[in-house]
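Data first, discussion second: the structure below is written as structure tokens.
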Amino acid sequence: MKWVRLLSVPIFSVLLMIGFMYYVTVFFFIADWVGLQSSAGSINVIAFTLLICYFLFSFFACVLTDPGHVPSSYVPDVEGGEVSDQESRRPAVQQRKCETCLNYKPPRCHHCRVCRRCVLKMDHHCIWTNNCIGYWNYKAFFMLVLSATLGSIYSTVIIITSAVQRDWESPGWASNKIYYVVCGIYMSCLSLVLGTLLGRHIFLLFHNMTTIESYEATRGAWLARKSGLTYRHPYDLGFYKNITLVLGPNILKWFWPTAVGHLKYGTSFRMIPNTS
């Protein structure tokens, strides 16, 4: 059952970290900065709480959503014909067989050694979600990283602001300096790590690329340069089109992690012509 994925040390670690971040941000730093009963305090508490709730929703959606498995009836389409907006039939690409599963693999599909199966449009296996990130849950993963980054930055700003306005010369507050310093450094480092991860996945989103494909693209670009050619990712259909393929055509639903009605089967994808 998919609920079993929740019973893992990494999942508990993430929830514990979020709980700690929420508690110290709200009940220590916001309370110390403007007070929880003030209008400024209430606004910050509500905003931060909504952000954490959004993170948790994205997190559980990412954990509990199957990233996508290859249908047992899947057979490569070796015939030509008309293709839909997200599809392309290229026999040379599609006729791949998994050496472990001994089944045909659709384009962009890879075998996960942890999950022990092939995953559609596999991005990577994430230990923090105890799940693969693939075709059906990549949007939830992207929103998870986005909300986690915004939450950590929000907390860092609150900590720094609270520290700056604090009168450290008053009796009893000098002993709290180490607490401010430790929390400030921790949240700053977390913001940097998550911000870097978010930046990478924004780049991948804009280029309709997975993490695995980004490594393949690096080698492809190197080989192309040696041959005097220009490399372009075969699934890069343009900035806006790439975004809508993941987030959906309706802008109002872009930031809803489970709004994936625009996705199809995940076994074929449109490609640009004449890619090297």
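Cβ atoms are placed via backbone N, Cα and C, with glycine included.
As written in TrEMBL, here are the features:
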TRANSMEM  7-31  transmembrane segment
TRANSMEM  43-64  transmembrane segment
DOMAIN    94-216  domain 'Palmitoyltransferase DHHC'
TRANSMEM  140-163  transmembrane segment
TRANSMEM  178-199  transmembrane segment
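Recorded stretches compared: 7-31, 140-163, 178-199; the one with the most Cβ pairs under 8 Å to the transmembrane segment (43-64) is 140-163. Within the chain carrying the transmembrane segment (7-31), a Cβ under 8 angstroms from the stretch's Cβ atoms is held by residues 41, 44-45, 48-49, 52, 55-56, 59, 63, 127-130, 151-152, 154-155, 158-159, 162, 183, 187, all 6 or more beyond its ends. The residues of the domain 'Palmitoyltransferase DHHC' (94-216), classed with DSSP into helix (H, G, I), strand (E, B) and coil, number 68 helix, 16 strand, 39 coil.
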